[in-house]
Every structure is written in C-alpha cells, then in structure tokens.
Amino acid sequence: MQTLTLQPVSSARGQITLPGSKSLSNRILLLAALARGTTKITNLLDSDDVRHMLTALTALGVELELSEDRQQCLVQGIGGAFQLPDTSQLEALFLGNAGTAMRPLTAALCASTGQFELTGEPRMYERPIGDLVDALRQCGADIEYLGDEGFPPLHINGHALRGGQVSIRGNVSSQFLTAMLMAAPLCQGDVVINVEGELVSKPYIDITLDVMSRFGVRVENNDYQSFHIKGGQSYESPAQIMVEGDASSASYFLAAAAIAGGPVRVYGAGSHSVQGDAKFADVLAKMGAEIRWGGDWIEVERQADSVLNGIDIDLNHIPDAAMTIATTALFAEGPTCIRNVYNWRVKETDRLSAMATELRKVGATVEEGEDYIRIEPPSEIQSAAIDTYDDHRMAMCFSLAAFGNSPITINDPGCTAKTFPTYFELFKEMTQPA
Ligand SMILES: O=C(O)C1=C[C@@H](OP(=O)(O)O)[C@@H](O)[C@H](O)C1
Ligand SMILES: C=C(OP(=O)(O)O)C(=O)O
C-alpha cells in the first residue's frame with residue numbers, strides 16, 4: 001500500500017479552478033446518451049466514477065469522442081432507451097463503486113432492450129439498492145438480485161416499462177429517486193413518483209431536475225413529495241453543456257482557508273451553482289469564517305483576531321461536504337456535533353465509524369451516534385497514520401489535519417481517484433510549510 005506523509009503546514013492561500021462535478025458529469029453523460037442529437041460536454045470530470053460511466057455507455061453502443069485531456073466529450077445521442085442489437089447476449093457492465101453510475105443506469109436499463117448484468121467493487125455489493133428495485137418493479141421492470149437480496153450485482157431483462165404510480169423510499173439515498181426521475185420519460189405512460197418518508201440529501205434532486213430541464217424534460221415537483229413526469233418523451237440535446245466545478249471538492253480548500261486564515265478562492269462553483277454542496281461555505285461562516293461569493297466562485301478568509309467555533313448542526317442536505325466539517329472541527333474552539341447523517345454508513349465505507357476511529361487517532365474525543373458524530377478537538381493534534389478505507393473523502397478531509405504541528409500520514413492516498421485524482425498535488429500547491 002502506498003502512503004503519503006504530509007509535513008505540517010501553516011497557511012493556505014491562492015486560487016484554484018475546480019475539476020468538473022462528479023454528480024453533474026455522470027448525469028449529463030447519461031442524458032446526452034439518451035437524447036436526440038449530439039451533445040458537446042465541456043469541463044467533464046476525469047475520475048474513476050466518470051470513467052465507469054463512459055465505459056458503460058460505450059459498451060451500450062453509444063458513440064463518444066473524448067478529447068486528449070478527457071475533459072471534453074462529444075456524445076452522439078441515441079434518441080431513446082438503449083437497444084442492444086442481440087437481445088440473447090448478456091451485456092456485463094462493471095461500475096466500480098460509483099453510485100452515480102450504478103443507480104441511474106439500473107433504472108435506464110430496465111426501460112431498455114437487452115439483457116444486462118451490473119457489477120462493481122465488493123463495497124458496491126454492500127451498498128443498498130432495494131428501494132430503487134422495488135420502485136422499478138412497480139413500473140413493470142424485470143430485475144433480479146444476483147447476490148444478496150437488496151444489493152448489487154443485478155440482472156436486468158430490459159423491456160418497455162409501462163410507468164404509472166410509483167412509491168419510493170427517500171430515507172436511504174436520494175440517488176434512487178434521481179434514477180427513477182431520469183428513467184421516467186422513457187416509460188410508455190405518465191409516471192407519478194410518490195416519496196415515502198423523509199427524503200435525504202434533497203439538494204441532489206435539484207441537480208437532477210436541473211439537468212433534466214437542460215435536456216428538455218419538465219418535471220412537476222410537488223414539494224419533493226410527489227413528482228409527475230410525462231411518459232413517452234425523449235430527451236433533447238442542448239448541443240453544448242458545461243459541467244460546473246465540483247462543490248464537494250471545493251470544500252477541502254475552503255476549509256483550509258477557514259482553519260489557516262486564507263484567503264482561498266475556488267473557481268467553478270459559486271452563488272449560481274446548482275450544487276447543494278456550495279452551501280458548505282455557509283457552514284464555515286457559522287463557524288466564524290468570512291465568505292465572499294461570485295456567480296462562479298467562492299472565497300474564504302478568516303481574520304487573525306477571530307476564532308473558529310464548534311457548531312451543532314444538521315448536515316443532511318450536504319452529506320459529502322459534511323465530512324470536511326468533521327476534520328475542520330479539530331481546529332475549532334469547543335465541540336462540534338454533525339447530525340442527521342445516518343446515510344454516511346452506506347457510502348464508500350461506514351463513514352460514521354471510520355471518521356470516529358481516525359479522529360481519535362489524532363487525539364480528538366469522539367462520540368459516535370447512530371446518525372450523528374460529536375467531536376471534541378484535542379489541545380494538540382497528534383501525529384498519526386490515517387486509514388482511508390478506500391474512501392476518497394476520508395483521504396481528502398484528513399489532509400486538513402496537517403494544519404496541526406505534527407506530520408500526518410495518509411494511507412492509500414490514490415483512493416482520491418474516485419472523484420479527484422489530482423487532489424494532493426493541488427493541496428501541496430495551495431499550502432505553505434509550517
Ligand atoms: O446524486 C448524487 O450525485 C449524489 C447524492 C448523494 O448520495 P445520497 O443521496 O446517497 O446521500 C451524495 O452523497 C453522492 O456523492 C452523490
Ligand atoms: C457518496 C459518494 O459517492 P457515490 O456517488 O458513489 O454515492 C461520494 O462521492 O462521497
């Protein structure tokens with residue numbers, strides 16, 4: 001296993017241009033593939049999750065032309081659901097641990113023609129998908145579990161879906177609703193989706209609705225409790241579309257500025273962003289940082305005479321950027337409690353447990369609840385080797401521990417390839433040794 005030892009750093013300053021958003025890249029690629037017409041996508045993210053989507057689309061017969069740096073892609077839309085030429089042949093798609101590929105493709109393939117097998121990394125087989133499968137079956141989907149009930153891998157016998165009334169549980173992952181929404185126009189009849197119970201990670205639904213509207217499909221949204229979509233539609237290519245910078249990736253640099261003073265400005269996501277994670281900056285403001293907003297940039301600074309304060313806050317709306325608050329809390333005065341993040345447990349790893357274990361290694365006193373984590377910062381950050389559990393966000397948010405006075409080793413730093421392969425190079429450029 002590779003390791004990376006970060007020597008203590010004392011300041012973070014400068015500007016960075018964010019890589020494209022993972023959530024937007026994979027949604028746009030899928031809808032461009034399903035759309036009528038050719039779409040030129042710019043500022044596409046080049047990372048493992050996006051590569052899995054690209055490989056799957058190619059296997060499904062979509063013609064793609066990638067630029068050399070893989071940040072531009074010309075997609076020839078097929079103008080409807082996927083159609084495999086030989087329906088007796090099984091098309092196996094390996095989707096790694098990319099939730100934004102596994103969930104939306106599952107739904108789209110149920111409405112397509114062919115036999116499909118969706119596989120992934122071992123952790124993908126521990127991440128639930130039962131709520132989505134249940135919803136798809138209500139529309140007439142033929143889909144089977146190949147391993148444990150409720151989890152990938154899946155076998156799909158694709159055929160036209162009738163649509164109709166569908167209820168879907170919202171309390172485990174918003175990606176199930178996203179997947180159902182994106183596949184709904186492909187159904188023969190109209191689709192009414194009723195969300196049962198609480199809807200987690202709600203701002204990701206706004207991203208989905210925004211991308212669908214860019215591809216010409218309107219969704220009637222009744223307060224996130226029910227959605228009405230006309231069946232028998234095809235997506236229409238917008239011809240050109242630019243992927244916003246990744247607001248979750250921005251969180252590490254913005255937090256660095258809040259911890260060390262900054263200023264740091266990130267370009268690519270700002271007050272006009274469709275990503276809920278841009279609101280991460282508001283959490284830093286509550287902790288005591290100064291935020292400046294532009295349409296497509298965010299800047300964070302903290303005056304030398306001010307302190308970062310611990311906070312008690314519900315971060316269900318920004319579960320990914322919330323992890324960055326957990327390590328920022330190491331530098332705050334007083335405890336921080338991050339609430340309503342039960343679904344951290346079903347992501348790349350059990351993030352509540354992993355976060356508690358690793359924060360304790362650097363000296364924090366941590367209480368791990370069923371759906372919350374409470375962090376009391378140590379008086380001095382201790383040197384430690386941080387395990388990352390094949391979770392890119394564990395690696396990235398623990399880089400912030402290097403703002404203490406001790407070296408921090410990150411085990412398996414390469415796991416950032418899931419969404420941000422160049423993270424540690426940029427972190428080094430932006431920070432100055434103590
Ligand atoms: O729709 C999306 O692009 C995402 C939704 C969120 O997942 P949940 O809805 O499972 O919380 C988020 O954690 C994930 O990284 C990306
Ligand atoms: C939860 C995440 O990924 P996924 O899209 O695989 O759910 C994440 O990026 O933090």
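Just so it is clear, glycine is given a Cβ too, placed from its N, Cα and C backbone atoms.
When the candidates K40, K202, K418 are compared with the phosphoenolpyruvate site entry in TrEMBL, which names K22, G99, R127, Q175, R351, R393, the shared residue is K418. Listed binding-site residues: K22, R127, S174, Q175, N343. Those with a CB atom under 6 Å from ligand 1: S174, Q175, N343. Once the Cα atoms of K22, S23, R27, S173, S174, Q175, S201, D320, N343, K347, the listed binders of 3-phosphoshikimate, are compared pairwise, the greatest separation found is 21 Å. Note on proximity: among R27, R127, K418, the binding-site residues of the record, the Cα nearest D320 (active site, proton acceptor) is that of K418. In this structure, the CA atom of G99 (phosphoenolpyruvate binding site) is 13 Å away from the CA atom of N343 (3-phosphoshikimate binding site). Within 10 Å of the C-beta of R27 (3-phosphoshikimate binding site) there are 25 other C-beta atoms, taking all protein chains into account.
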